[in-house]
Structures are given as structure tokens and as C-alpha cells.
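Colleague: Before anything else, here's the structure in question.
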Amino acid sequence: MNAENQGCSERLVTAAYVRQGAQGRRAHELRLRALLEQGKCPEDGWDESTVELFLHELAIMDSNNFLGNCGVGEREGRVASGLVARRHYRLIHGIGRSGDISAVQPKAAGSSLLNKLTNSVVLDVIKLAGVRTVTSCFVVPMATGMSLTLCFLTLRHKRPKAKYIIWPRIDQKSCFKSMITAGFEPVVIENVLEGDELRTDLEAVEAKIKALGAENILCVHSTTSCFAPRVPDRLEELAVICANYDIPHIVNNAYGVQSSKCMHLIQQGARVGRIDAFVQSLDKNFMVPVGGAIIAGFNESFIQEISKMYPGRASASPSLDVLITLLSLGTSGYKKLLKERKEMFSYLSSELKKLADNHNERLLDTPHNPISLAMSLKNLDETNDAAVTQLGSMLFTRQVSGARVVPCGSVQTVNNYTFKGFMSHANDYPCAYLNAASAIGIKKQDVDVFLKRLDKCLKTFRKEAKQEKSINEISDANAATEQLED
């Protein structure tokens, strides 16, 4: 309420009460002012009333919400369902323009402001999470795989002769298909086994660059966050190789923002060598619905090139979701979630080790993986070829989601490329295993219930194995008796 309206109100309600109400609103407005001036995530999270007031203020700046607006174009922000309009806080125009996803829309000052503020707040949080020298980022309404594709397509114009992408193997379909969709040929570099860990084969990477010729290589496509026993790539060394051969370097940092170790690797890689862009998922790192990612980097002009490569306007939903979330959490709330995740990783690790010991299995030693753990299923695999996959089905039907069971020797073809030992990131990993991860938002109750249900499933297998052994022993004894009688 402006001063003029406030004065009018004082003729209807006691002036002191109106001024008190105005002071209450002023407290909300000071928060909004700080956000607009600084462009940073607030330290303390906002209450819902402040967030909703802010979104309402943005929405009434868009032309579709103007009183008396007369739209005669093909895209006027018309929405048939009131429920849909409320779901989007009446921010209907989306973000960007036909030539640039980061451009300001004349019809939608509020949505454009939302877009700019979201990118600024997200950049602040990425710095907070450990990549302090990042200079630019933007939220894109596509998940990680398609966002990687956008990066590769942008590089195509810089390296027109290039047809190959060097890719240390990680058995996850979307990052592999991101290269195929962009029209490039992935050159798969098998990992090397060091203890239980699968690590980057740097010698093989450099040898392949020399064999193919640096000018024929679009980029090196590395990975931070991954399923154990694979661990984050040796980013510092890869970054140095890329700098030495003048080859771009794109990092798949899918759920790495929540890990200080993954973010440190990116920061160090950029410090000692070359990292052109790193891509991370919104849902995995900020607990929002699936459908958005952040493309970030250390060269602002290159990140702007990527944003201009996106064709047409884009949905504002991912930007809206992550901005609401970060304003509600504040930096203190997000730091608390990161701290809790680390604590739960330690707890999950220690308790899963105890369970593994009880079942004559072991927790694989993967100290370089800060999020995912793996427990061997060697005894289960030796008992029955189908037992490993059956365990996965049993856990799923018992409402355990996210746990992965990886049998030995599975083969899968993705876009005409055949992966032996698919899901294990190697052709011949020594044992079958089960994955569990400590990701942001996990609670102690989640860990305890998971371990209880896993323990019960494994006991079921052990009981069945004993019964089968007893039956076999009885059969062998009967056969021996019959032979003696004969």
C-alpha cells in the first residue's frame, strides 16, 4: 500500500493501527529490497507470506495480469483453468525470448525479473557450496542429459571439425545419450580398478587424444557424482590435459552440488586447468520437481553462448520452484541440509558395514565417493544366478526406492553401443553388489528402515539356501543308501 492509500485508510481506521499495519508490510518489503539490491540468497529463510507477496508483486508486472489489458497476439498468457493459473502464481509468460533464454520479455517484466533473480541466487548458492570462482550460470528447463546436449551443440560452432567426445565410462544412459543426441561419437574410456574403486584411466585418455587428434575432439565429458564403486573422475588431471591440448571440458555434476568434495574438484580443476561448463540437476540438489538443471561456468561469454543456443522461450516452472525453495531455506537452511547429509552418509556407512559383516559380505572400500556406497553380494550371487536381481525386486516391493542391485556380467546395448557389465561401470567388476546413497534430505529413519528391510530380505535368502542345502544333503544320503543296498 502506497502512502496515498495509507492516508485514505486512516480516515476509515484509527491512524495508529494503520501505521502499525504499514510497518508490518514494511518488514516484508525490506526483505524484497535486499534481494533486489544484492541478488543473493538471504541468510535466513523467508516465511511463506513474504514469498507469496513477492511472487504476487512479480505477477502483476506481467501483461496478462494488467487490468484492462487487450491482447490480440497469438501468445497473450491466456490460461483456461484457474487451477493452472494459481499453480503458476499467474506467471504465465515463461522466460526468455525466441533468440535467448536469458533475454528480457517486453510483455513480462515480472517473469523476466524472476528469471534474473533466480540465476543470481543460484550463482550465490553454487559459490557457497564450494565453487567460489564461478562467474555465470543460468537455470534451464531441461533435466541434466538434455542440458549437456545443449553444451555440446554450442561447442559444435567453435570446433566444426570435431566429431568425437572423450568420455570416461559411467553406466548411466542419459549422459551417454546426451552425446548421441547432439550428433557426436562417444569414445568410451574404460575405468581402471584400484582396490575396490573404479577410477579414471588418464593414460588412456591422453593416448586417445593423440590417436584421434585434438582438433577432431569436441570435448572431454567427465563426471563427478556417480554410483559407487565408481568414484568421481580425476578432474584436476583431466583439466590439465584439456588445457595442454586446448580441448574443451564439460563436467556432468548431476547431484554434486550437495557434496563439498565434488564441488572442490570442480574448483580445483578450474584453478589448475580447464573446465568450460559444469551441469547439475535441480531436483537432486535442491529438492524440487524434476525438469530443470543449472549450467554454470567460469567464462561468462561462453555461458551466454549456451543460453542463446536454446531455441525459443522456456517454461518458468523450474526457475520458480528453485527460487521459492532457496528463499524459504535461506543459506542457513541449505547449509543445515548439507551438514545433515554428511552426517547421514557417515551413519549409513557405519551401519551398512555392520549389516554386511553379519551376512558375510563387506562394504566396498570407496573413500573417494562422498555420496554413494556399495555392499558386496558375492555370497548371494554364488548361491543363485537370479538371486541378485530378485533381491532388488524384493526391496522395491517392500517400498525401498533408490537402492540398486548390480549383478555380474549383464550386457546392454545403448544406441548401438554394447556395454559389457552394464551398471557396474566396468566390463568385469569382481563381484555383484548393492548401492545405497546418502543424498540431500535423507533422514535417519530412512536409513534405519532401509537397513531393517534389507536385513530381513538377506535372511530370507540365507534361510532358503539352508533349506535347499538340507534337501540336497538328504537326497545325497538317500542315493548313497540305495547304492549300498544294491
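Even glycines carry a Cβ here, placed using N, Cα and C.
Feature list, courtesy of TrEMBL:
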| type | residues | note |
| --- | --- | --- |
| BINDING | Arg75 | pyridoxal 5'-phosphate binding site |
| BINDING | Arg97, Ser98, Gln105, Arg313 | substrate binding site |
| BINDING | Arg271, Arg398, Lys463 | tRNA binding site |
| MOD_RES | Lys284 | N6-(pyridoxal phosphate)lysine |
Colleague: Can you tell me how far the Cα of Arg97 (substrate binding site) sits from the Cα of Arg271 (tRNA binding site), in Å?
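Modeller: Cα-Cα distance, Arg97 (substrate binding site) to Arg271 (tRNA binding site): 34 Å.
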Colleague: In sequence order, which same-chain residues at least six apart have a C-beta under 8 angstroms from Arg398 (tRNA binding site)?
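Modeller: Listed in sequence order, they are Arg453, Cys457.
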Colleague: Pairwise over Arg271, Arg398, Lys463, annotated as binding tRNA, what's the top Cα to Cα distance to the nearest Å?
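Modeller: So the maximum pairwise Cα distance among the tRNA binders is 55 Å.
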Colleague: Restricting the comparison to the recorded positions Arg75, Arg271, Lys284, Lys463, which residue's C-alpha is spatially nearest the C-alpha of Arg313 (substrate binding site)?
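Modeller: Nearest listed residue in space: Arg75.
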Colleague: Where Lys284 (N6-(pyridoxal phosphate)lysine) and Arg271 (tRNA binding site) are concerned, what is their Cα separation in Å, rounded?
Modeller: 26
Colleague: Using the Cβ center of Arg97, Ser98, Gln105, Arg313 as the substrate site position, which other residues in that chain lie within 8 Å, going by their Cβ?
Modeller: Gly94, Ile95, Gly96, Gly99, Asp100, Ala103, Gly312
Colleague: Could you round the CA separation between Ser98 (substrate binding site) and Arg271 (tRNA binding site) to a whole angstrom and send it over?
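Modeller: That separation, Cα to Cα, works out to 35 Å.
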Colleague: At the Cα level, what's the spacing in Å between Arg271 (tRNA binding site) and Arg75 (pyridoxal 5'-phosphate binding site), rounded?
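Modeller: So the alpha carbons of Arg271 (tRNA binding site) and Arg75 (pyridoxal 5'-phosphate binding site) sit roughly 45 Å from each other.
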Colleague: For Arg97 (substrate binding site), list the number of other Cβ atoms lying within 10 Å of its Cβ atom.
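Modeller: That number is 18.
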Colleague: If one measures from the C-alpha of Gln105 (substrate binding site) to the C-alpha of Arg75 (pyridoxal 5'-phosphate binding site), what distance in angstrom results, rounded to a whole number?
Modeller: 12
